[in-house]
Amino acid sequence: MIEETSSEQPYVKGEITRIIYHRDETMYTVARVRILEASVEEEADETIVVGTMPAMEQEETYLFYGQWKDHPKFGRQFQVDHFRKIMPQTKQGIILYLSSDRFKGIGQKTAEQIVDTLGEHAISKILESRDVLHDVPNMNEKKVDMIYETLIEEQGVEQVLIALYEYGFGMNLAVKVYQTYKHDAMRIIQEYPYRMIEEVEGVGFAKADAIGHHIGMTGDHPDRLKAAIYYIVSEESLRNGHVYVRTEDVIIGVQNLLAERDEAVIPEETIAEQIIEIGEETRLVVGSERMYLPSLYYAERGIASHIERLQKDDEQTTTEYPDSEFLKAIGDVEERFEITYAPSQRDAVRAALESPLTLLTGGPGTGKTTVIRGVVESYAMLEDISLDEEEYDQDDPFPVLLVAPTGRAAKRMNEATGLPASTIHRLLGYKGSQDGFEKDEYEPLEGKLLIVDEMSMVDVWLANQLFKAVPDGMKVLLVGDEDQLPSVGPGQVLFDLLESHKVPVQHLSEIYRQAGGSAIIEFSHGLKSGELHRSLTKESNDLRFFSCEQQQVIDVVEQVCKRAADKGYRAKDIQVLAPMYRGNAGIERLNERLQALFNPQKESRREIPFGDVVYRVGDVVLQLVNNPEEHVYNGDRGEIVALFRKEETTESEDMLVISFDGIEVQYKKSDLSQITHAYCCSIHKSQGSEFPIVVMPVVKSYYRMLKRNLIYTGVTRAKSFLILCGEWNALELAVAKIDESKRQTTLKERLQGDTLEIEPEDETMDVSED
């Protein structure tokens, strides 16, 4: 029997007969195993093991712990939680192991010499001290290093995975730890476990503290206290969108966090001492009243500095056009596009043309897009520049830059102006979290006019990266709706710019699209002031409310979408929005039902399972992470256009092809965590997009998310039809609930020139996002 089988967890001891799939980046592995022994007798001699594991070799033996699973398509499999390699126990086994391909340059003869010299315990002796290899005849230093490092690497991965599993780390998180520290991983785990909180994404305080407690870092140990301090500041910033956290709140938060394990309360003075130390170590920016993550602190300072730079009053940045020239230009725009600008819209166009930096705000239907087109066209006429892309090249780039935070918002700008538009990440040449952005103050953007739409979505990190890349003399127009949700990331850049009164603002309030009879626009403007016009849902053609209970929501949404589909609308024309993922009326259940409606299973329609979901050709999907190499970014929507089986690909892997507005990107099965179904998505994920039809359930079970700005943002995504369903009193609760959780920022004060408590001398610190 297996001596190592602690508890009653199922296990399989087996020899690898075939590596079916392995991906180095994620260590996701599928292998066929000949069963030598198992906790439960199996009829079959072989089975498939699936899990996160390092590269394995055929004919080697492993002990796998986990659970048996019956896969709907691939049958019975063993899902691996953790494992260990069974090292060869005989001389012949060790010789075969050391002479395998993984030990480069070690053949049969050298392996025999190692075993003859060191015996059956050769491997453990080498791991204890590499110097024993010097006793082997004809063993040079290069071979010593190679054998020892290969053994350490093989043993290291397994040691890390096994050690962390004991502390509740899942295999994926354990792999992240190993990939971060490599050979140094066990030393970090055993000596400095709290470092993982700052250096490994996904490791929280509780997991690191479990290891710290085990090795004696308990109570008020300095490493433990500083880790708790960092964790509280980081969590409050990233979860609640704060740029800083009040020092008093940090102290209380640390005490509460540590109280989950400790009986005694850590005194405030003891925590305060470690706050000073962590500030001196520059892991946090610390003042007497506020504490910042360094990246957020310097990003906010950078924004303020660049806003001041861009507004310098000189001939290069400020332009005054004679009335006659401006009126001629705007008149020509009106004539060509058959529109008439209202006085407020003309003022907005002129301000954007003459000021170095301008803010344009307004709700739906107020003409922000019309103003953008007027700015672009008038600027081209007044400056005598061509808007024909073919007249420009790499040495003479296009003079007008149109950008937005998401691909959908950029596409809308392109459709409104007929000019190229891109995401901010693409404009700045984002190369990934490790390499950052190509464009910055040393390699600035090229062009004369920059227009940024959906500015409410831009957080402090991205805003600073954008502003630092804007050269002196480039005119900038920032466009947004201040009543929408703030950015997902920390800060409230648009709100702070408005509140500072340091940037010229043009606010559009009059509704112009109302001439078309849009009840959606009237309804959304009522929401802004806390008014609900139920009569609009009964009297209009583009707005409806269907009353139903929570348990009926999924059926009502399906019926509404089916009616739209019967009238010729496609899945990508209809967007269901919900604020929460779980529950009967949550995003996950709605996506499952809507996939069955819009893209049901068919024998002729290829599909691939991934976790709890199935992806099919024809599915509408949402990108969840930035992929700069493929020019696809978080929030982009695409359609699965092809699925190739592993026997049909050169990589011998299943492959999906997803089209994002004509850009086709290939996804291996292990890449599918980067996408999700998009039939239903969160209201946050919908920002920057418009859809012909929006269906939005609102029920009391969403109570934690029922806020006015959330409902307003969802409602304003609808372009032609808006269908609300659920409980009217839930909608009333949401509209009455103003989001009081104000984000803690200091951008407004910095823009106004207020002296703050912390002003380090280093103005050039790297502020790229961690």
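Glycine residues also receive a Cβ, built from the backbone N, Cα and C atoms like all the rest.
What TrEMBL lists as domain 'ATP-dependent RecD2 DNA helicase OB-fold' is 10-88. Annotated domain 'ATP-dependent RecD2 DNA helicase-like helix-hairpin-helix' per TrEMBL: 153-244, in sequence order. The annotation ATP binding site is assigned in TrEMBL to Gly365, Thr366, Gly367, Lys368, Thr369. Under the heading domain 'UvrD-like helicase C-terminal', TrEMBL lists 677-724. The region 'Disordered' feature in TrEMBL is assigned to 751-770. Under the heading compositional bias 'Acidic residues', TrEMBL lists 756-770.
The Cβ of Lys368 (ATP binding site) lies under 8 Å from the Cβ of Leu360, Thr361, Gly362, Asp453, Val479, Asp481, Leu508, each of these being in the same chain and 6 or more residues away along the sequence.
Mapped onto DSSP classes, the domain 'ATP-dependent RecD2 DNA helicase OB-fold' (10-88) shows 0 helix, 53 strand, 26 coil. In the three-state DSSP classification, Lys368 (ATP binding site) falls within a helix.
For Gly365 (ATP binding site), the count of additional Cβ atoms within 10 Å of its Cβ stands at 21 [all protein chains shown]. Shown in sequence order, Leu508, Ser509, Glu510, Ile511, Tyr512 are the residues of the chain, 6+ apart in sequence, with a C-beta less than 8 angstroms from the C-beta of Thr366 (ATP binding site). In the domain 'ATP-dependent RecD2 DNA helicase-like helix-hairpin-helix' (153-244), the DSSP tally of helix, strand and coil residues is 68 helix, 1 strand, 23 coil. Sequence-distant neighbours of Thr369 (ATP binding site): residues of the same chain at least 6 apart with a C-beta under 8 Å from its C-beta are Arg412, Met413, Ala416. The domain 'UvrD-like helicase C-terminal' (677-724): residue composition by secondary structure is 18 helix, 18 strand, 12 coil, according to DSSP. Here the domain 'ATP-dependent RecD2 DNA helicase OB-fold' (10-88) has a mean pLDDT of 85 out of 100.
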